Amino acid sequence: MDVLTDQDVQKFRDEGYLVLEGLLSPEECDALRRRMSEIIESMDVPEHCRTQFSTDHDEQLKTQGNADYFITSGDKIRFFFEKGVFDDKGEFVVPKEQSLNKIGHALHAYEPLFKRVTHSPKVQNICKKLELINPVILQSMYIFKQPGIGGEVTPHQDATFLYTQPLGRVMGVWVALEDAMQENGCLWFIPGSHNDGITRRMVRTPKGTFPLTDFIGREKDYDDKLFVPAPVKKGGAVLIHGEVVHRSAANTSDASRHVYTFHIMESENTVWSPENWLQATEELPFPSLYT
């Protein structure tokens, strides 16, 4: 049975995003969260990694782009932290399970539970219904959106970071492992904004230069009134077109908002930009979604 109806497909093409209920069962969500707790419990944080992740553009360049740890994380499982979770000596000032912004970017390759969800029959069915011929998996992330400190994610388009020629070949699958409501930082979209192209790209700088990445162009200013909330219940998912403008507010509630998200690219007749921060490696070529 198809996960998407014809009406769903049309809505996704018209608006650039689609909320789906029940992609995962509550038990599957809980299993992913338990496995993530085990990963955190055993994590060994390198000294240089006690640099904090930021969603602010300048901070993002300074901390992520300048750090080899980030730019070489495409084929690894690595840890990125919220602001203010370390003291001056690099020690945790909050419980370590509450310190993380995200873990990325190869859970889909190296963690069996996450791999199973990524390649699930439902996800494959969605891609076939969207007429994807040879979709590959680019990256995956576990995003925590910690209670009280989970930072705002400013308006952006995924194609800024995951650029292809032609455009329109990348889709995010954003799976809520807990209820994602307005109170704890659900996604907001500008419907139809995926038709307007992109105005900014994050690119690798020439070898031997610093920082390791830079931005070309600038993000447009968006009217806040154009954004529509996309709350989703535990186990539901949001399909995200690579050019649709979206954001999420800071999580000021006392409830976390754990999410597993991954990006898919239609590789048929598509050029993946060699300037993107994320590149396939010998250790991990972009794996085919279809099994």
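Including glycine, each Cβ sits where the backbone N, Cα and C put it.
Here's what Swiss-Prot has on this protein:
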type: BINDING; residues: Lys102, Met141, His156, Gln157, Asp158, Trp174, Ser248, Arg257; note: 2-oxoglutarate binding site
type: BINDING; residues: His156, Asp158, His246; note: Fe cation binding site
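A map of Swiss-Prot features onto the structure.
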residue	record	DSSP (3 states)
Lys102	2-oxoglutarate binding site	strand
Met141	2-oxoglutarate binding site	strand
His156	2-oxoglutarate binding site	strand
Trp174	2-oxoglutarate binding site	strand
His246	Fe cation binding site	strand
Arg257	2-oxoglutarate binding site	coil
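Here Met141 (2-oxoglutarate binding site) is positioned 17 angstrom away from His246 (Fe cation binding site), judged by their C-alpha atoms.
Among the listed binding-site residues, namely Gln157, Trp174, Arg257, the Cβ with the most fellow Cβ atoms inside 10 Å is that of Gln157. Within the same chain, residues at least six positions away from Ser248 (2-oxoglutarate binding site) with a Cβ under 8 Å of its Cβ are Lys145, Glu152, Val153, Gly185, Cys186, Leu187, Trp188. Neighbour counts of Cβ atoms within 10 Å were taken for the binding-site residues His156, His246; the minimum is at His156.
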